[in-house]
Amino acid sequence: MLIDVLELVTNKKDLEYDQVKNLLDNILEGELDEIKFGAFLAALKTKGETEKEISAFVDAFYDKAKKLNFDHPATIDTCGTGGDGKGTFNISTAAAIVLSCFDVKVAKHGNRSITSNSGSADILEKLGIDIQAEEDKILKGLEKLNFAFLFAPLYHPAMKKVANLRRSLGIRTVFNILGPLLNPVPLKYQVVGTFSFDAQDKVASVLRGNRKKAAVIHSLDGLDEISISQKTRVLEIQDKNIKEYYIDPKDYGIKFDTNSIRGFSPEENARILISVLEGEKSPYFWAVVLNCGFALYICEVAKDVEEGIKLSSKAIESKKAYLKLKELRQFYKSGV
């Protein structure tokens, strides 16, 4: 089966959903021919993955995932693809903590760093939060504190099968955009940052029709966040429609150089996050309130981004966000 599909893809033929899904199901149930599957991934990348092909990857790995039974009308994730190569501070993780101060349930899906200094798992671990909490703890945390971290390797054991191959290939493949599409919690809302405009288009096409409201973002200066330096392209998804527009930070009185929000070690990033939640008005602060403000708009807490920024700022300035972090550290103690 794999050789037949490989022949089609190397000739730049698009595949049907069932062709890819059946292939992946067989691979995940049986033996993996790394050479042929690696060639398939590389050929698929060269051809350009279609919505049907990506959806088949998502469904095949989601079928094998450990899922969490948590149904709520306002579940949201702010997990990005990572891999933008900019080495910025953990903006979406900090924004997720502020977001949990509101009446939404933040299911933060993430992993350790692969390309940056500090992934979401790394910084949360340094904050003393157990990134491998048991399921009952996760569900209780979502219910009581509006926040849980879902450490991707715990929920996607099937990914281990392709881990060595991905490392050996050393190039971006369809797997680099799957993470945000595989949250173990059923999401109503989502903000996904991507590493390129091409990835942005692909993720948006797959999300369409699968969330109540979502947005996929990539900035002109290459960030997988809403930028505080340049305009950010937004693909907003609602009712199966995709609307494109740009967010300019200057419209909200925010303008800083991208280098002003660079990230460091997990320890240093944890210190920066605490300083943000304590209300220190640094570029990091404005990056967090801008991104949280946008998320509040997407999950329909704020009527627009401007109101979202005001709400985010108030949550920090009132110490509500800092107290939330203290609650999370106490609840998800890791002993670090």
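Glycine residues also receive a Cβ, built from the backbone N, Cα and C atoms like all the rest.
According to Swiss-Prot:
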BINDING   G80, N111  anthranilate 1 binding site
BINDING   G80, 83-84, T88, 90-93, 108-116, S120  5-phospho-alpha-D-ribose 1-diphosphate binding site
BINDING   S92, E225  Mg(2+) 1 binding site
BINDING   R166  anthranilate 2 binding site
BINDING   D224, E225  Mg(2+) 2 binding site
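Feature map: Swiss-Prot annotations on the structure.
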residue: G80; record: anthranilate 1 binding site; CB count, 10 Å: 25
residue: T88; record: 5-phospho-alpha-D-ribose 1-diphosphate binding site; CB count, 10 Å: 25
residue: S92; record: 5-phospho-alpha-D-ribose 1-diphosphate binding site; CB count, 10 Å: 28
residue: H109; record: 5-phospho-alpha-D-ribose 1-diphosphate binding site; CB count, 10 Å: 24
residue: N111; record: anthranilate 1 binding site; CB count, 10 Å: 19
residue: R112; record: 5-phospho-alpha-D-ribose 1-diphosphate binding site; CB count, 10 Å: 15
residue: R166; record: anthranilate 2 binding site; CB count, 10 Å: 17
residue: D224; record: Mg(2+) 2 binding site; CB count, 10 Å: 28
residue: E225; record: Mg(2+) 1 binding site; CB count, 10 Å: 27
Report task. Quick one: of S92, H109, N111, R112, R166, which binding-site residues lie within 10 angstroms of E225 (Mg(2+) 1 binding site), measuring between C-alpha atoms? Sequence order, please. Result -> S92
Query - Three-class DSSP secondary structure - E225 (Mg(2+) 1 binding site) - result: coil
Requested in this report: Reduce the DSSP letter at S92 (5-phospho-alpha-D-ribose 1-diphosphate binding site) to three states and note it down.
Outcome: helix
